[in-house]
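Trainee: Before I ask anything, here is the structure I am working with.
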Amino acid sequence: MAGKHLLVLIVCLILLNLSATFASKQNTTTLNEATACIDGASITLTFGFYINSCPEAEPIIFSWIEKAVSDDPRMAASLLRLHFHDCFVNASSFQLGCDASVLLDDTPNFVGEKTAAPNANSLRGFEVIDAIKADLEYVCPQTVSCADILAIAARDSVVLSGGPGWEVEMGRRDSLSASKTAANNNIPGPNSDVATLLSKFQNVGLSLQELVALSGAHTMGKARCSSFSARINSSSSIISNSPDVNLEYLQSLQQLCSQSDANTTLADLDHITPTTFDNQYYVNLVSGEGLLGSDQALLTGNEETRRIIECYAGDVEAFYEDFKMAMLKMGRLQQVNGGDGEVRRNCRAVNQLGS
């Protein structure tokens, strides 16, 4: 027991130091400096939201994420993706954005997001969130929202994979419903062209620069062969006509995906440093080694996205700064506030069903 308390204390000190460092950087740097180009958005959430109501919240979340990533390094990418897929879905006119709707199981009243095409048999990490929520409910009952857990877990996953840290704004409410249709309509697909990607990002208030910065999350994780089959098809015009494609890399993918079921075989999104959060994703794109069609399209389909990719490939700190700011802005997407939401006791169900 003493050892556990010591671990929580150590983690708390680490997070306090991280918050202080980030706050200091906010006071001494501006978004217009060379290492960050993204404009900020108006803040609707607050830093240190649980400092009085549940000061143990962030250390508890960190300790669970640390264990999960230690057991399965791929889990870091999965938890980061959960937050992204949550924030991009507009469930209804008053339940929008980062509201933990992605965590809800289906009910007789709605079909949720878990079975939507971008999520089905693909999203992972629900059990990790369940464990975190159960621990927090024991320590601070009905205080920390599932939506905030997702946002903090995404940050911690990046940090534990060697990436940058940032202070997370908190105070989100959990939605009362979810929408499979909204998930299908709003989440970008793996074969999207730049115009489609940009349209989906602009629909939620994110810019072209933020599109490229957030795509850098693909420096970790895996994808099924079925999600990039069009890219490795031997008859594809992409292979025969594009000078920005590494044929040797694509041939290695063809060999991998021909060996077994394309619906189960996995390839690394970043085949050089697959479990490290760095700028290798952009280096790979410049080398013609993007896994998904939507990734490589960022390089070939738009001169401005190409310029940003080349910048990030050569300057990891520029990527880190812009990624942090983009994550903060994404985390603010159209919040559920006040009486429009709740703090769930069970992240898989609204309170009247999950209590």
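Each Cβ is built from the backbone N, Cα and C atoms, and glycine gets one as well.
Annotations in TrEMBL come from automatic prediction, not curation.
Small disclaimer: the values here were computed from a predicted structure and weren't measured.
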Trainee: In TrEMBL, the Ca(2+) 2 site includes Asp270, Thr273, Asp278. Which of Thr219, Thr264, Thr300, Thr305 does it also list there?
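Mentor: Record source TrEMBL; matching candidate: Thr219.
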Trainee: Determine, on the basis of TrEMBL, the cysteine among Cys311, Cys347 paired with Cys146 in a disulphide.
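Mentor: That record, TrEMBL, gives the partner as Cys347.
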Trainee: In TrEMBL's disulfide listing, Cys140 is paired with one of Cys37, Cys54, Cys225, Cys257. Which one?
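Mentor: Checking TrEMBL, the candidate bonded to Cys140 through a disulfide is Cys54.
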Trainee: Just how many other Cβ atoms lie inside 10 Å of the Cβ on Cys98 (disulfide bond)?
Mentor: 29
Trainee: Using C-alpha atoms only, work out the spacing between Cys98 (disulfide bond) and Asp86 (Ca(2+) 1 binding site) and round it to an integer in Å.
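Mentor: Pair distance, Cα basis, whole Å: 6 Å.
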Trainee: Helix, strand or coil for Asp99 (Ca(2+) 1 binding site)? Use DSSP.
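Mentor: In three-state terms, Asp99 (Ca(2+) 1 binding site) counts as coil.
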Trainee: State the mean pLDDT for the domain 'Plant heme peroxidase family profile' (44-351).
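Mentor: Reported value for the domain 'Plant heme peroxidase family profile' (44-351) is a mean pLDDT of 91.
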